[in-house]
Amino acid sequence: MSSSAILPHPIEPIAELPIDDNLAKALLTSMAEYGEQLQGRRIWLACSGGRDSLALAALCVQLYQQGRLPFLPQLLHVNHGLQADSAIWAAHVANWAKAQKIPCTILQAHVNGHDEQAARQARYDVMRAQLNQDDVLLLAHHADDQAETVLMRLIQGAGVNGLSGMHPWRVQTQDAHRIIVWRPWLIVQRASISSYAKRLKLPYIDDPTNDGGDNVRSGLRRDIMPVLAKYNPNVIDNIARSAQLLSDAQLTVKAQAAEDLKQTEVISLQLPSAQRVLNIDELQKLPLYRQRQLLHYWLGQDEPLPPAKQLVDDVLSLSQRHDHDHQTELFWQGRKQSYTIRRYRQQLYRLSSDWLKWLELPLAEQTQSLFTHTESNLIGADIHTTGRQPVPINLRNDDKFTWQLQILPNEVMPLLESYKVESDKDKLRITFAPLDRNQRVQTALASRPQSGKKLYQTLGIPSWMRESLVVVSVTLINKESSENELLENDCPIEQPILLLSPLENWVLASDKLLESNPHYIESAISSCLTVPSSF
Ligand SMILES: Nc1ncnc2c1ncn2[C@@H]1O[C@H](COP(=O)(O)OP(=O)(O)OP(=O)(O)O)[C@@H](O)[C@H]1O
(Lines of atoms letter the chains of each structure in order from A and count residues from 1; the text may use other names and numbers.)
(Lines give C-alpha, C1' and ligand atoms only; values in the text may rest on other atoms or scores of the structure.)
Protein backbone atom coordinates (compact mmCIF):
# COMPACT_ATOMS: atom_id res chain seq x y z
CA MET A 1 0.00 0.00 0.00
CA SER A 2 1.92 2.99 -1.13
CA SER A 3 -0.29 5.88 -2.19
CA SER A 4 -3.65 7.44 -1.54
CA ALA A 5 -6.27 4.70 -1.63
CA ILE A 6 -9.98 4.45 -2.26
CA LEU A 7 -11.46 4.20 1.19
CA PRO A 8 -13.41 1.02 1.95
CA HIS A 9 -17.09 0.22 2.49
CA PRO A 10 -18.44 -0.15 6.03
CA ILE A 11 -17.59 -3.26 8.01
CA GLU A 12 -20.16 -6.09 7.98
CA PRO A 13 -20.06 -9.44 9.75
CA ILE A 14 -18.96 -12.30 7.51
CA ALA A 15 -19.56 -15.38 9.61
CA GLU A 16 -22.88 -16.33 7.99
CA LEU A 17 -21.83 -15.64 4.41
CA PRO A 18 -20.98 -18.47 1.99
CA ILE A 19 -17.37 -19.70 1.78
CA ASP A 20 -15.57 -19.88 -1.56
CA ASP A 21 -14.84 -23.59 -2.11
CA ASN A 22 -11.93 -23.02 -4.43
CA LEU A 23 -10.13 -20.67 -2.05
CA ALA A 24 -10.93 -22.85 0.97
CA LYS A 25 -9.63 -25.95 -0.83
CA ALA A 26 -6.31 -24.25 -1.66
CA LEU A 27 -5.80 -23.19 1.96
CA LEU A 28 -6.87 -26.51 3.49
CA THR A 29 -4.83 -28.59 1.01
CA SER A 30 -1.75 -26.54 1.76
CA MET A 31 -2.46 -26.87 5.48
CA ALA A 32 -2.65 -30.66 5.09
CA GLU A 33 0.63 -30.67 3.13
CA TYR A 34 2.50 -28.79 5.85
CA GLY A 35 0.39 -30.17 8.72
CA GLU A 36 3.31 -31.77 10.49
CA GLN A 37 5.43 -28.61 10.38
CA LEU A 38 2.46 -26.51 11.52
CA GLN A 39 2.00 -28.54 14.71
CA GLY A 40 2.41 -26.36 17.78
CA ARG A 41 3.43 -23.27 15.82
CA ARG A 42 2.02 -19.79 16.30
CA ILE A 43 0.49 -18.47 13.08
CA TRP A 44 0.32 -14.83 11.97
CA LEU A 45 -1.25 -13.32 8.88
CA ALA A 46 0.34 -10.32 7.18
CA CYS A 47 -2.63 -8.10 6.34
CA SER A 48 -2.19 -4.91 4.36
CA GLY A 49 -5.93 -4.32 4.39
CA GLY A 50 -5.85 -4.82 0.61
CA ARG A 51 -8.18 -7.20 -1.20
CA ASP A 52 -5.98 -10.32 -1.15
CA SER A 53 -4.78 -10.34 2.43
CA LEU A 54 -8.15 -9.19 3.79
CA ALA A 55 -9.81 -12.00 1.81
CA LEU A 56 -7.37 -14.52 3.28
CA ALA A 57 -8.09 -13.20 6.77
CA ALA A 58 -11.85 -13.40 6.11
CA LEU A 59 -11.55 -17.00 4.87
CA CYS A 60 -9.58 -17.95 7.99
CA VAL A 61 -12.30 -16.43 10.19
CA GLN A 62 -15.06 -18.29 8.34
CA LEU A 63 -13.27 -21.65 8.30
CA TYR A 64 -12.30 -21.30 11.94
CA GLN A 65 -15.86 -20.52 12.96
CA GLN A 66 -17.05 -23.58 11.05
CA GLY A 67 -14.47 -25.71 12.83
CA ARG A 68 -12.63 -26.51 9.59
CA LEU A 69 -9.49 -24.59 10.50
CA PRO A 70 -7.85 -25.54 13.81
CA PHE A 71 -6.25 -22.10 14.32
CA LEU A 72 -7.16 -18.45 14.00
CA PRO A 73 -4.10 -16.49 12.89
CA GLN A 74 -3.21 -13.16 14.46
CA LEU A 75 -3.26 -10.31 11.98
CA LEU A 76 -0.17 -8.18 11.57
CA HIS A 77 -0.61 -4.88 9.82
CA VAL A 78 2.42 -2.76 9.09
CA ASN A 79 1.98 0.97 8.98
CA HIS A 80 4.78 2.26 6.76
CA GLY A 81 3.90 5.84 7.69
CA LEU A 82 4.60 6.92 4.11
CA GLN A 83 1.15 8.31 3.30
CA ALA A 84 -1.16 10.81 4.91
CA ASP A 85 -3.78 8.04 5.10
CA SER A 86 -1.47 5.37 6.57
CA ALA A 87 -2.78 5.76 10.10
CA ILE A 88 -6.40 5.66 8.86
CA TRP A 89 -5.74 2.36 7.05
CA ALA A 90 -4.11 0.91 10.12
CA ALA A 91 -7.11 1.91 12.23
CA HIS A 92 -9.42 0.45 9.61
CA VAL A 93 -7.66 -2.94 9.65
CA ALA A 94 -7.75 -2.92 13.46
CA ASN A 95 -11.51 -2.12 13.45
CA TRP A 96 -12.28 -4.83 10.93
CA ALA A 97 -10.32 -7.36 12.96
CA LYS A 98 -12.17 -6.32 16.11
CA ALA A 99 -15.54 -6.71 14.39
CA GLN A 100 -14.57 -10.22 13.19
CA LYS A 101 -13.05 -11.12 16.58
CA ILE A 102 -9.64 -11.88 15.10
CA PRO A 103 -6.60 -10.63 17.05
CA CYS A 104 -4.65 -7.88 15.32
CA THR A 105 -1.39 -6.07 15.99
CA ILE A 106 -0.41 -2.84 14.24
CA LEU A 107 3.32 -2.39 13.73
CA GLN A 108 5.18 0.76 12.83
CA ALA A 109 7.84 0.41 10.11
CA HIS A 110 10.86 2.66 9.67
CA VAL A 111 11.39 2.92 5.95
CA ASN A 112 14.80 3.96 4.64
CA GLY A 113 13.95 5.49 1.28
CA HIS A 114 10.80 5.86 -0.78
CA ASP A 115 10.78 2.96 -3.21
CA GLU A 116 8.69 -0.22 -2.89
CA GLN A 117 11.77 -2.33 -2.14
CA ALA A 118 12.63 -0.16 0.88
CA ALA A 119 9.02 -0.39 2.14
CA ARG A 120 9.01 -4.19 1.69
CA GLN A 121 12.34 -4.55 3.51
CA ALA A 122 11.13 -2.38 6.41
CA ARG A 123 7.88 -4.35 6.53
CA TYR A 124 9.65 -7.73 6.72
CA ASP A 125 12.10 -6.43 9.32
CA VAL A 126 9.39 -5.21 11.66
CA MET A 127 7.23 -8.33 11.20
CA ARG A 128 10.23 -10.61 11.70
CA ALA A 129 11.04 -8.80 14.94
CA GLN A 130 7.49 -9.41 16.14
CA LEU A 131 7.63 -13.16 15.44
CA ASN A 132 9.13 -15.70 17.81
CA GLN A 133 11.45 -18.48 16.72
CA ASP A 134 9.70 -20.90 14.31
CA ASP A 135 6.49 -18.85 14.06
CA VAL A 136 4.64 -19.00 10.75
CA LEU A 137 3.71 -15.94 8.68
CA LEU A 138 0.83 -16.32 6.21
CA LEU A 139 1.04 -14.20 3.07
CA ALA A 140 -1.72 -13.73 0.49
CA HIS A 141 0.41 -14.03 -2.66
CA HIS A 142 -1.56 -15.67 -5.46
CA ALA A 143 -1.09 -17.19 -8.93
CA ASP A 144 -1.08 -13.79 -10.69
CA ASP A 145 1.70 -12.61 -8.34
CA GLN A 146 3.52 -15.86 -9.07
CA ALA A 147 3.18 -15.48 -12.85
CA GLU A 148 4.46 -11.89 -12.66
CA THR A 149 7.40 -13.00 -10.50
CA VAL A 150 8.35 -15.78 -12.93
CA LEU A 151 8.10 -13.48 -15.97
CA MET A 152 10.09 -10.80 -14.20
CA ARG A 153 12.85 -13.29 -13.43
CA LEU A 154 12.72 -14.76 -16.92
CA ILE A 155 13.47 -11.39 -18.51
CA GLN A 156 16.31 -10.98 -16.00
CA GLY A 157 17.83 -14.31 -17.13
CA ALA A 158 17.23 -16.36 -13.98
CA GLY A 159 18.06 -20.06 -13.62
CA VAL A 160 15.98 -22.94 -12.30
CA ASN A 161 15.93 -21.50 -8.81
CA GLY A 162 14.67 -18.05 -9.81
CA LEU A 163 12.15 -19.45 -12.28
CA SER A 164 10.60 -21.63 -9.59
CA GLY A 165 9.11 -18.38 -8.30
CA MET A 166 7.89 -17.84 -4.78
CA HIS A 167 7.74 -20.89 -2.56
CA PRO A 168 4.58 -21.98 -0.75
CA TRP A 169 6.59 -22.88 2.37
CA ARG A 170 9.91 -21.24 3.06
CA VAL A 171 12.08 -21.36 6.16
CA GLN A 172 13.88 -18.04 6.55
CA THR A 173 16.78 -17.70 8.95
CA GLN A 174 18.41 -14.43 9.81
CA ASP A 175 20.94 -14.13 12.64
CA ALA A 176 19.82 -17.52 13.96
CA HIS A 177 16.20 -16.26 14.11
CA ARG A 178 14.06 -18.70 12.14
CA ILE A 179 10.58 -18.02 10.81
CA ILE A 180 8.46 -19.72 8.17
CA VAL A 181 6.73 -17.89 5.36
CA TRP A 182 3.60 -19.71 4.19
CA ARG A 183 1.83 -18.86 0.91
CA PRO A 184 -1.15 -21.22 0.52
CA TRP A 185 -2.74 -19.27 -2.35
CA LEU A 186 -0.01 -19.45 -5.00
CA ILE A 187 -2.26 -21.56 -7.24
CA VAL A 188 -5.32 -19.35 -6.78
CA GLN A 189 -6.14 -16.67 -9.35
CA ARG A 190 -6.62 -13.04 -8.40
CA ALA A 191 -10.02 -13.14 -10.16
CA SER A 192 -11.31 -15.79 -7.69
CA ILE A 193 -10.15 -13.68 -4.76
CA SER A 194 -11.81 -10.60 -6.24
CA SER A 195 -15.20 -12.25 -6.66
CA TYR A 196 -15.02 -13.72 -3.14
CA ALA A 197 -14.15 -10.29 -1.74
CA LYS A 198 -17.07 -8.79 -3.68
CA ARG A 199 -19.54 -11.44 -2.48
CA LEU A 200 -18.51 -10.81 1.10
CA LYS A 201 -18.55 -7.05 0.53
CA LEU A 202 -15.14 -6.98 2.14
CA PRO A 203 -14.12 -3.44 3.05
CA TYR A 204 -10.65 -3.72 1.55
CA ILE A 205 -8.47 -0.76 0.84
CA ASP A 206 -8.08 -0.34 -2.91
CA ASP A 207 -4.64 0.89 -3.77
CA PRO A 208 -4.67 2.40 -7.29
CA THR A 209 -0.88 2.11 -7.62
CA ASN A 210 -1.22 -1.69 -7.75
CA ASP A 211 -2.22 -1.42 -11.42
CA GLY A 212 -0.41 1.78 -12.27
CA GLY A 213 3.15 2.78 -11.55
CA ASP A 214 6.13 2.32 -13.77
CA ASN A 215 7.93 -0.58 -12.11
CA VAL A 216 8.50 -3.82 -14.02
CA ARG A 217 5.92 -5.78 -12.08
CA SER A 218 3.02 -3.40 -12.66
CA GLY A 219 4.12 -3.00 -16.30
CA LEU A 220 3.96 -6.76 -16.83
CA ARG A 221 0.58 -6.90 -15.12
CA ARG A 222 -0.87 -4.05 -17.15
CA ASP A 223 0.76 -4.51 -20.57
CA ILE A 224 2.05 -8.04 -20.99
CA MET A 225 -0.29 -10.41 -19.17
CA PRO A 226 -3.39 -9.36 -21.16
CA VAL A 227 -1.47 -9.94 -24.41
CA LEU A 228 -0.29 -13.38 -23.28
CA ALA A 229 -3.86 -14.23 -22.24
CA LYS A 230 -4.93 -13.64 -25.86
CA TYR A 231 -2.63 -16.46 -26.94
CA ASN A 232 -3.55 -18.73 -24.07
CA PRO A 233 -6.39 -17.89 -21.68
CA ASN A 234 -4.84 -20.19 -19.05
CA VAL A 235 -1.56 -18.31 -19.03
CA ILE A 236 -1.63 -17.51 -15.30
CA ASP A 237 -2.40 -21.07 -14.20
CA ASN A 238 0.14 -22.37 -16.70
CA ILE A 239 2.99 -20.14 -15.55
CA ALA A 240 2.17 -20.94 -11.91
CA ARG A 241 2.26 -24.64 -12.84
CA SER A 242 5.64 -24.23 -14.56
CA ALA A 243 6.92 -22.63 -11.37
CA GLN A 244 5.74 -25.66 -9.39
CA LEU A 245 7.47 -28.04 -11.82
CA LEU A 246 10.67 -26.00 -11.71
CA SER A 247 10.50 -25.93 -7.95
CA ASP A 248 10.67 -29.75 -7.96
CA ALA A 249 13.49 -29.63 -10.50
CA GLN A 250 15.34 -27.11 -8.34
CA LEU A 251 15.11 -29.40 -5.31
CA THR A 252 16.59 -32.23 -7.38
CA VAL A 253 19.45 -30.05 -8.65
CA LYS A 254 20.15 -28.82 -5.14
CA ALA A 255 20.17 -32.34 -3.70
CA GLN A 256 22.64 -33.44 -6.40
CA ALA A 257 24.89 -30.42 -5.70
CA ALA A 258 24.78 -31.14 -1.95
CA GLU A 259 25.76 -34.74 -2.66
CA ASP A 260 28.61 -33.64 -4.98
CA LEU A 261 29.79 -31.17 -2.36
CA LYS A 262 30.32 -33.99 0.14
CA GLN A 263 32.90 -35.50 -2.25
CA THR A 264 34.66 -32.26 -3.11
CA GLU A 265 34.90 -30.08 -0.01
CA VAL A 266 38.06 -30.13 2.07
CA ILE A 267 36.56 -30.69 5.50
CA SER A 268 39.74 -30.12 7.51
CA LEU A 269 40.02 -26.52 6.24
CA GLN A 270 36.33 -25.63 6.49
CA LEU A 271 35.30 -22.69 8.60
CA PRO A 272 31.59 -22.16 7.91
CA SER A 273 30.91 -18.88 6.17
CA ALA A 274 34.46 -17.58 6.82
CA GLN A 275 36.40 -20.08 4.74
CA ARG A 276 35.10 -22.78 2.45
CA VAL A 277 37.46 -24.97 0.46
CA LEU A 278 36.86 -27.17 -2.55
CA ASN A 279 39.16 -29.79 -4.02
CA ILE A 280 39.70 -29.10 -7.73
CA ASP A 281 40.74 -32.67 -8.60
CA GLU A 282 37.46 -33.97 -7.18
CA LEU A 283 35.50 -31.17 -8.86
CA GLN A 284 36.94 -32.11 -12.23
CA LYS A 285 35.79 -35.70 -11.94
CA LEU A 286 32.25 -34.41 -12.47
CA PRO A 287 30.71 -33.58 -15.85
CA LEU A 288 30.89 -29.85 -16.64
CA TYR A 289 27.19 -29.13 -16.01
CA ARG A 290 27.49 -30.62 -12.51
CA GLN A 291 30.69 -28.65 -11.88
CA ARG A 292 28.78 -25.44 -12.65
CA GLN A 293 25.86 -26.43 -10.43
CA LEU A 294 28.22 -27.41 -7.65
CA LEU A 295 30.14 -24.11 -7.82
CA HIS A 296 26.84 -22.20 -7.85
CA TYR A 297 25.75 -24.11 -4.75
CA TRP A 298 29.14 -23.92 -3.02
CA LEU A 299 29.54 -20.16 -3.54
CA GLY A 300 25.98 -19.39 -2.47
CA GLN A 301 26.14 -21.22 0.86
CA ASP A 302 25.46 -18.90 3.85
CA GLU A 303 23.84 -16.33 1.56
CA PRO A 304 20.16 -15.68 0.88
CA LEU A 305 20.71 -15.01 -2.82
CA PRO A 306 22.84 -17.11 -5.17
CA PRO A 307 25.83 -15.69 -7.08
CA ALA A 308 25.52 -14.40 -10.63
CA LYS A 309 26.22 -16.80 -13.49
CA GLN A 310 29.23 -14.67 -14.51
CA LEU A 311 30.91 -15.35 -11.16
CA VAL A 312 30.25 -19.09 -11.45
CA ASP A 313 31.79 -19.05 -14.94
CA ASP A 314 34.82 -17.08 -13.69
CA VAL A 315 35.35 -19.48 -10.77
CA LEU A 316 35.06 -22.42 -13.15
CA SER A 317 37.77 -20.87 -15.38
CA LEU A 318 39.92 -20.32 -12.31
CA SER A 319 39.60 -24.00 -11.43
CA GLN A 320 40.61 -24.97 -14.97
CA ARG A 321 43.84 -23.01 -15.10
CA HIS A 322 47.04 -24.98 -15.48
CA ASP A 323 49.55 -22.27 -14.54
CA HIS A 324 50.93 -21.71 -11.05
CA ASP A 325 49.56 -18.21 -10.68
CA HIS A 326 47.91 -18.08 -7.28
CA GLN A 327 47.40 -14.33 -7.30
CA THR A 328 44.04 -14.15 -9.07
CA GLU A 329 41.29 -12.90 -6.79
CA LEU A 330 37.60 -12.91 -7.67
CA PHE A 331 35.34 -10.72 -5.59
CA TRP A 332 31.72 -11.30 -4.65
CA GLN A 333 29.55 -8.92 -2.70
CA GLY A 334 26.93 -11.17 -1.09
CA ARG A 335 23.95 -9.88 0.87
CA LYS A 336 25.43 -10.83 4.25
CA GLN A 337 29.16 -10.57 3.60
CA SER A 338 31.67 -9.98 0.86
CA TYR A 339 33.98 -12.75 -0.28
CA THR A 340 37.20 -13.26 -2.18
CA ILE A 341 37.54 -16.43 -4.22
CA ARG A 342 41.09 -17.66 -4.70
CA ARG A 343 42.91 -20.69 -5.87
CA TYR A 344 45.89 -22.23 -4.14
CA ARG A 345 47.29 -25.35 -5.72
CA GLN A 346 44.44 -27.78 -6.36
CA GLN A 347 42.05 -26.03 -4.01
CA LEU A 348 39.48 -23.27 -4.41
CA TYR A 349 38.92 -20.99 -1.42
CA ARG A 350 35.92 -18.79 -0.70
CA LEU A 351 37.20 -16.39 1.98
CA SER A 352 35.03 -13.84 3.75
CA SER A 353 36.47 -10.35 4.01
CA ASP A 354 36.09 -10.41 7.83
CA TRP A 355 38.21 -13.55 7.91
CA LEU A 356 40.88 -12.07 5.63
CA LYS A 357 40.96 -8.94 7.79
CA TRP A 358 41.45 -11.07 10.90
CA LEU A 359 44.27 -13.01 9.23
CA GLU A 360 46.18 -9.76 8.83
CA LEU A 361 46.05 -8.76 12.51
CA PRO A 362 49.56 -8.77 14.00
CA LEU A 363 50.59 -11.56 16.38
CA ALA A 364 52.57 -10.71 19.49
CA GLU A 365 55.30 -12.85 21.00
CA GLN A 366 54.34 -14.29 24.41
CA THR A 367 56.33 -16.18 27.03
CA GLN A 368 54.92 -18.23 29.88
CA SER A 369 56.48 -20.23 32.67
CA LEU A 370 55.54 -23.85 32.48
CA PHE A 371 55.87 -24.84 36.11
CA THR A 372 56.37 -22.24 38.76
CA HIS A 373 55.63 -21.83 42.44
CA THR A 374 55.03 -18.12 42.26
CA GLU A 375 51.37 -17.17 42.04
CA SER A 376 51.77 -14.45 39.45
CA ASN A 377 52.59 -16.15 36.15
CA LEU A 378 51.12 -19.46 37.01
CA ILE A 379 50.83 -22.31 34.60
CA GLY A 380 50.24 -25.58 36.40
CA ALA A 381 51.56 -24.40 39.76
CA ASP A 382 50.99 -27.79 41.26
CA ILE A 383 51.86 -30.45 38.80
CA HIS A 384 49.63 -33.02 40.46
CA THR A 385 46.49 -30.93 40.56
CA THR A 386 46.26 -27.83 38.37
CA GLY A 387 48.74 -29.33 35.96
CA ARG A 388 45.85 -31.42 34.70
CA GLN A 389 43.77 -28.34 33.92
CA PRO A 390 44.16 -26.91 30.42
CA VAL A 391 45.67 -23.43 30.49
CA PRO A 392 44.37 -21.06 27.82
CA ILE A 393 46.66 -18.75 25.86
CA ASN A 394 45.09 -16.14 23.58
CA LEU A 395 46.99 -15.80 20.34
CA ARG A 396 44.73 -13.46 18.43
CA ASN A 397 41.17 -12.26 18.67
CA ASP A 398 38.78 -9.59 17.53
CA ASP A 399 34.99 -9.34 17.88
CA LYS A 400 34.49 -12.24 15.43
CA PHE A 401 37.25 -14.83 15.74
CA THR A 402 39.29 -16.04 18.68
CA TRP A 403 42.39 -18.16 18.33
CA GLN A 404 43.35 -19.81 21.56
CA LEU A 405 45.75 -22.50 22.67
CA GLN A 406 45.05 -24.99 25.42
CA ILE A 407 48.12 -26.26 27.19
CA LEU A 408 48.13 -29.25 29.48
CA PRO A 409 51.26 -28.80 31.62
CA ASN A 410 51.21 -32.43 32.73
CA GLU A 411 51.17 -33.56 29.14
CA VAL A 412 54.14 -31.36 28.34
CA MET A 413 56.18 -33.44 30.82
CA PRO A 414 57.01 -36.34 28.50
CA LEU A 415 58.53 -33.80 26.11
CA LEU A 416 60.94 -32.73 28.76
CA GLU A 417 62.29 -36.22 28.98
CA SER A 418 63.65 -35.85 25.47
CA TYR A 419 65.72 -32.90 26.72
CA LYS A 420 66.81 -34.84 29.84
CA VAL A 421 65.87 -31.84 31.94
CA GLU A 422 63.22 -33.47 34.09
CA SER A 423 64.66 -32.20 37.34
CA ASP A 424 64.69 -28.61 36.05
CA LYS A 425 61.08 -28.26 35.19
CA ASP A 426 60.66 -25.05 37.14
CA LYS A 427 63.18 -23.50 34.79
CA LEU A 428 61.13 -24.17 31.74
CA ARG A 429 59.23 -21.64 29.74
CA ILE A 430 57.09 -21.85 26.71
CA THR A 431 57.15 -19.21 23.98
CA PHE A 432 54.68 -18.39 21.22
CA ALA A 433 56.13 -16.26 18.48
CA PRO A 434 55.07 -15.40 14.94
CA LEU A 435 57.13 -17.39 12.47
CA ASP A 436 59.87 -15.20 11.08
CA ARG A 437 60.25 -15.54 7.30
CA ASN A 438 63.94 -16.31 7.80
CA GLN A 439 63.48 -18.74 10.67
CA ARG A 440 64.49 -22.26 9.75
CA VAL A 441 62.35 -25.03 11.15
CA GLN A 442 62.18 -28.71 10.47
CA THR A 443 58.90 -30.47 9.96
CA ALA A 444 58.27 -34.14 9.43
CA LEU A 445 57.55 -33.28 5.78
CA ALA A 446 61.16 -32.31 4.98
CA SER A 447 64.52 -33.96 5.56
CA ARG A 448 66.19 -30.71 6.64
CA PRO A 449 65.22 -27.37 8.20
CA GLN A 450 63.53 -24.90 5.86
CA SER A 451 62.50 -21.26 5.90
CA GLY A 452 60.47 -18.76 3.87
CA LYS A 453 59.00 -19.76 0.55
CA LYS A 454 60.42 -23.29 0.63
CA LEU A 455 58.76 -23.94 3.96
CA TYR A 456 55.41 -22.49 2.81
CA GLN A 457 55.57 -24.70 -0.26
CA THR A 458 56.38 -27.83 1.70
CA LEU A 459 53.50 -27.20 4.07
CA GLY A 460 51.13 -25.89 1.39
CA ILE A 461 50.39 -22.60 3.13
CA PRO A 462 48.53 -20.11 0.95
CA SER A 463 49.77 -16.50 0.92
CA TRP A 464 46.87 -15.10 3.02
CA MET A 465 47.76 -17.53 5.87
CA ARG A 466 51.44 -16.67 6.05
CA GLU A 467 51.10 -13.92 8.65
CA SER A 468 49.19 -16.32 10.87
CA LEU A 469 51.88 -18.87 11.69
CA VAL A 470 53.07 -19.30 15.25
CA VAL A 471 56.07 -21.23 16.48
CA VAL A 472 55.73 -22.77 19.92
CA SER A 473 59.10 -23.31 21.62
CA VAL A 474 60.19 -24.76 24.91
CA THR A 475 62.97 -22.74 26.54
CA LEU A 476 65.15 -23.56 29.51
CA ILE A 477 65.93 -20.57 31.70
CA ASN A 478 68.55 -20.06 34.34
CA LYS A 479 66.98 -19.58 37.77
CA GLU A 480 69.81 -17.42 38.96
CA SER A 481 69.25 -14.84 36.27
CA SER A 482 66.47 -12.33 36.58
CA GLU A 483 62.96 -13.80 36.24
CA ASN A 484 62.19 -12.75 32.70
CA GLU A 485 65.60 -13.07 31.16
CA LEU A 486 66.38 -16.08 29.04
CA LEU A 487 69.85 -17.40 29.47
CA GLU A 488 70.74 -18.14 25.92
CA ASN A 489 74.48 -18.31 26.49
CA ASP A 490 74.52 -20.56 29.52
CA CYS A 491 71.69 -22.68 28.39
CA PRO A 492 71.37 -23.27 24.65
CA ILE A 493 68.02 -25.01 24.75
CA GLU A 494 65.34 -23.15 22.86
CA GLN A 495 63.54 -25.89 21.11
CA PRO A 496 60.74 -25.15 18.61
CA ILE A 497 58.25 -27.94 19.07
CA LEU A 498 55.18 -26.97 17.12
CA LEU A 499 54.20 -24.77 14.20
CA LEU A 500 50.59 -23.62 14.22
CA SER A 501 48.21 -21.96 11.84
CA PRO A 502 44.64 -21.22 12.95
CA LEU A 503 43.48 -24.42 11.23
CA GLU A 504 46.48 -26.77 11.11
CA ASN A 505 49.55 -27.73 13.07
CA TRP A 506 52.89 -29.37 12.33
CA VAL A 507 55.21 -31.01 14.80
CA LEU A 508 58.69 -29.54 14.53
CA ALA A 509 61.22 -32.32 14.68
CA SER A 510 64.70 -32.20 16.14
CA ASP A 511 67.23 -34.95 16.65
CA LYS A 512 66.26 -35.18 20.29
CA LEU A 513 62.60 -34.97 19.65
CA LEU A 514 62.60 -37.56 16.93
CA GLU A 515 63.44 -40.09 19.62
CA SER A 516 60.25 -39.28 21.48
CA ASN A 517 56.69 -39.68 20.27
CA PRO A 518 55.63 -36.49 18.44
CA HIS A 519 51.97 -37.13 19.29
CA TYR A 520 52.76 -36.06 22.84
CA ILE A 521 53.07 -32.53 21.53
CA GLU A 522 49.65 -32.45 19.96
CA SER A 523 47.99 -33.78 23.08
CA ALA A 524 49.91 -31.30 25.26
CA ILE A 525 49.10 -28.23 23.14
CA SER A 526 45.94 -27.91 21.15
CA SER A 527 44.91 -24.98 19.02
CA CYS A 528 41.31 -23.89 18.78
CA LEU A 529 39.60 -21.29 16.65
CA THR A 530 36.23 -19.97 17.80
CA VAL A 531 33.76 -18.43 15.42
CA PRO A 532 30.59 -16.83 16.81
CA SER A 533 27.49 -18.95 16.17
CA SER A 534 25.67 -16.13 14.38
CA PHE A 535 28.51 -15.87 11.89
N1 LIG B 1 1.34 -3.09 5.11
C2 LIG B 1 1.29 -4.41 5.19
N3 LIG B 1 1.10 -4.99 6.40
C4 LIG B 1 1.05 -6.33 6.52
N5 LIG B 1 1.20 -7.17 5.50
C6 LIG B 1 1.38 -6.67 4.28
C7 LIG B 1 1.44 -5.27 4.06
N8 LIG B 1 1.61 -5.06 2.74
C9 LIG B 1 1.69 -6.29 2.17
N10 LIG B 1 1.53 -7.26 3.07
C11 LIG B 1 1.55 -8.73 2.85
O12 LIG B 1 2.43 -9.03 1.80
C13 LIG B 1 1.72 -9.68 0.75
C14 LIG B 1 2.24 -9.23 -0.58
O15 LIG B 1 2.38 -7.84 -0.67
P16 LIG B 1 1.82 -7.00 -1.88
O17 LIG B 1 2.51 -5.71 -1.89
O18 LIG B 1 1.84 -7.84 -3.11
O19 LIG B 1 0.36 -6.88 -1.37
P20 LIG B 1 -0.74 -5.78 -1.65
O21 LIG B 1 -1.13 -5.88 -3.07
O22 LIG B 1 -0.31 -4.46 -1.15
O23 LIG B 1 -1.90 -6.24 -0.66
P24 LIG B 1 -2.86 -7.46 -0.63
O25 LIG B 1 -2.11 -8.69 -0.94
O26 LIG B 1 -3.34 -7.45 0.77
O27 LIG B 1 -3.93 -7.15 -1.62
C28 LIG B 1 0.28 -9.31 0.97
O29 LIG B 1 -0.58 -10.29 0.42
C30 LIG B 1 0.19 -9.26 2.45
O31 LIG B 1 0.03 -10.58 2.98
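Each position is counted from 1, following the chain as shown.
Just so it is clear, glycine is given a Cβ too, placed from its N, Cα and C backbone atoms.
Lifted from TrEMBL, the feature list:
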BINDING   Ser48, Gly49, Gly50, Arg51, Asp52, Ser53  ATP binding site
DOMAIN    43-222  domain 'tRNA(Ile)-lysidine/2-thiocytidine synthase N-terminal'
DOMAIN    278-349  domain 'tRNA(Ile)-lysidine synthase substrate-binding'
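Here the domain 'tRNA(Ile)-lysidine synthase substrate-binding' (278-349) returns a mean pLDDT of 95 for the predicted model.
Only Asp52, Ser53 of the binding-site residues listed as Gly49, Asp52, Ser53 bring a Cβ under 6 Å of any atom of ligand 1; the order follows the sequence. Less than 8 angstroms from the CB of Asp52 (ATP binding site) sit Ala140, His141, His142, Trp185, Arg190, Ile193, each of them six or more residues away in the same chain. Of all Cβ atoms in the protein chains displayed, 22 besides its own lie within 10 Å of the Cβ of Arg51 (ATP binding site). Each of the binding-site residues Gly49, Gly50 was scored by the number of other CB atoms within 10 A of its CB, and the lowest score belongs to Gly50. When the neighbouring Cβ atoms lying within 10 Å are counted for each of the binding-site residues (Ser48, Ser53), the highest count belongs to Ser53. Residues of the domain 'tRNA(Ile)-lysidine synthase substrate-binding' (278-349) grouped by DSSP class, helix first, strand second and coil last, total 29 helix, 17 strand, 26 coil.
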